[in-house]
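For reference, Swiss-Prot has these:
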BINDING   His28, His70, His113, His155  heme binding site
TRANSMEM  12-31  transmembrane segment
TRANSMEM  60-79  transmembrane segment
TRANSMEM  93-113  transmembrane segment
TRANSMEM  135-155  transmembrane segment
TRANSMEM  178-196  transmembrane segment
Amino acid sequence: MSGNREFYFRRLHSLLGVIPVGIFLIQHLVVNQFAARGAEAFNSAAHFMDSLPFRYALEIFIIFLPLIYHAVYGVYIAFTAKNNAGQYSYMRNWLFVLQRVTGIITLIFVSWHVWETRIAAQMGAEVNFDMMANILSSPAMLGFYIVGVLSTIFHFSNGLWSFAVTWGITVTPRSQRISTYVTLIIFVALSYVGLKAIFAFV
């Protein structure tokens, strides 16, 4: 019985990491990309997102609750999984370890980012271009955001590989090998988008 629960918990964890959390990540990166066009373009994009109907319901049920489940169960997996990269020097095993490490970094980064933006907004702060520019004016915070964004993107991109295996999309060694390179390409592409947005605020 406990084995069945574990199976379904892991399936749900895998699903929520892509739908809706992963989709939200991509949407967030796209909105932040408007910063490269200037403060006015970014503020307009941010205002559009803030003006969505049922925004709070969407944030709670489509973003925060799935994210909390994925994060909590992900921490459990990170501290109970047996890492074998030291024993087997294969790229997939190292990616397995990095998935767990970046998951913890992502949790810290996202928690801090939510505090600095969403919680601050509820306390009266205006989330706009100037807010992010002020945050990233600190070299320490700039470094923190670079590491955080890259970790988040890697965790999502590499997680797509696990998602494909978990849901029976890639079942053969060849398809899984191809999937590894595809997800690494996705990581590089999204990293470019994320870093471009960060440096647009600097």
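Think of each number as a place in line: the chain as shown, counted from 1.
Note that Cβ sites are derived from N, Cα and C of the backbone, with glycine treated the same way.
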Contact check, the transmembrane segment (12-31) vs the transmembrane segment (93-113), 3+ Cβ pairs under 8 Å, seq sep 6+:
no
Considering only Cβ pairs under 8 Å, which range in 60-79, 93-113, 135-155 makes the most contacts with the transmembrane segment (178-196)?
135-155
C-beta crowding around His28 (heme binding site), within 10 angstroms:
16
Tertiary contacts of the transmembrane segment (60-79) (same chain, 6+ residues out, Cβ under 8 Å):
9-10, 12-13, 16-17, 20-21, 24, 100, 103-104, 107, 110
Heme site, defined by His28, His70, His113, His155: further same-chain residues with Cβ within 8 Å of the Cβ centre:
Val21, Phe24, Leu25, Leu67, Thr106, Phe109, Val110, Thr152, Phe156
Heme site span - longest C-alpha distance across His28, His70, His113, His155, in Å:
18
Cβ-Cβ neighbours of His113 (heme binding site) (radius 10 Å):
18
